[in-house]
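Below you'll find the structure, written out as structure tokens, and then a few comments.
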Amino acid sequence: MASKNNIDVRSDHLITSTDPEHPANLICTLCRNFYNLGWVTGTGGGTSIVKNSHIFIAPSGVQKELMQPENIFVMDRRTHAYVRKPTSLKPSACTPLFLAAFEKGAGCCIHTHSQWAVLVTLLVEKAAEQNGKSSANSCFEIEMIEQIKGIPKGKNKPGMLGYFDRLRVPIIENTAHEEDLTQSLEEAMARYPDTYAVLVRRHGVYVWGDDVAKAKTQTESLDYIFRLAVEMRTLGLPWTKEETSQGTKNTQEDITLDQTINGTPISKRGRPKRSSDNLEEADGESPKRRKPGRAKKSLQAEGDNKSNQANQPGSLRSEGQNRVTALNGEKGGATQVTGKKGQGRLKQEIDRDDEALALANMTQVGRRRPGRPRKTL
Ligand SMILES: [Zn+2]
């Protein structure tokens, strides 16, 4: 019937079905949804499904939200020869990477260009640089996040990761041509035999699962975790216990300082203790002595040095502050300033001279890491 280079039109029966669960229909449905999530923008990304003796693959260069079943390539699972190849389209450059996942027993592989995945790879790279380490063969690690339970323990290991387990997703370096990623993807799979995903620096992520539903939900869980991780880093919150003990211990100091401000009614203290005192306790330096270009300086500059702008509802800074305040509340802290109302009360209670310093103190969580690129996120 068909060979690798000789496509028989009769192969159209391979992609023709009224069953929405048929791989040719399912790939189109999934890609439409992925497009709406920003995962396959501008024809990027792709999806492939194995069913029985065939592999169904989304084509290259097609708007993923407009894809139709007749656009789907079909390959023989055993020989990897195309048994259906739309003449007007190119096979996906992701194909060898999908095949690598199928060699590991996957039933479906999803490739996204999610911005959260890209940002996580950049944050891991930056952390390695700051620690004087190479980012080669690096790995994204996170623990104690509920959504980690959405990722299986590993091939041939029953069950899913637990809340206290550490999720590790290896990162490989991008290449000029997608198919050239195959070798490093396979090496990452060998280094991390339990992984169901590999991040590609400045590019995206490949996620696979035993079947379509698992690949899809695992991709969703990972994207949720990547996004959370980026936002955690924006707030200076650690991903792992080691980070907490190494430097992000400051985060706890920040929270304590935040509670000191929020938990002690400033009106009862008379003229409030200058917040610069607290800053000196945390940093060993006064904000007035802080060198230009330091993170805090740039934070203050975000509002064109109009610190009162940051207290306006909806500002980035007040949004971040609310998040931290909410975290304090969850920890049972005696948080008094919550949300816009509380901020408004606080604003009335402190005089204008102290306002900028108090705000800087409360928002320290957001500038913890030296050189942390808050503004670029
Ligand atoms: Zn890609």
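Placement of Cβ uses the backbone N, Cα and C atoms for every residue, glycine included.
All annotation found in TrEMBL is predicted automatically rather than curated by experts.
HIS203 is the only one of HIS22, HIS203 that TrEMBL places in the Zn(2+) site (with HIS111, HIS113). Secondary structure at CYS94 (substrate binding site), as computed by DSSP, is coil. Taking Cβ-Cβ distances under 8 Å and a sequence gap of 6 or more within the same chain, the neighbours of CYS94 (substrate binding site) are GLY45, GLY46, SER48, ILE57, HIS111, GLU178, GLU179, TYR206.
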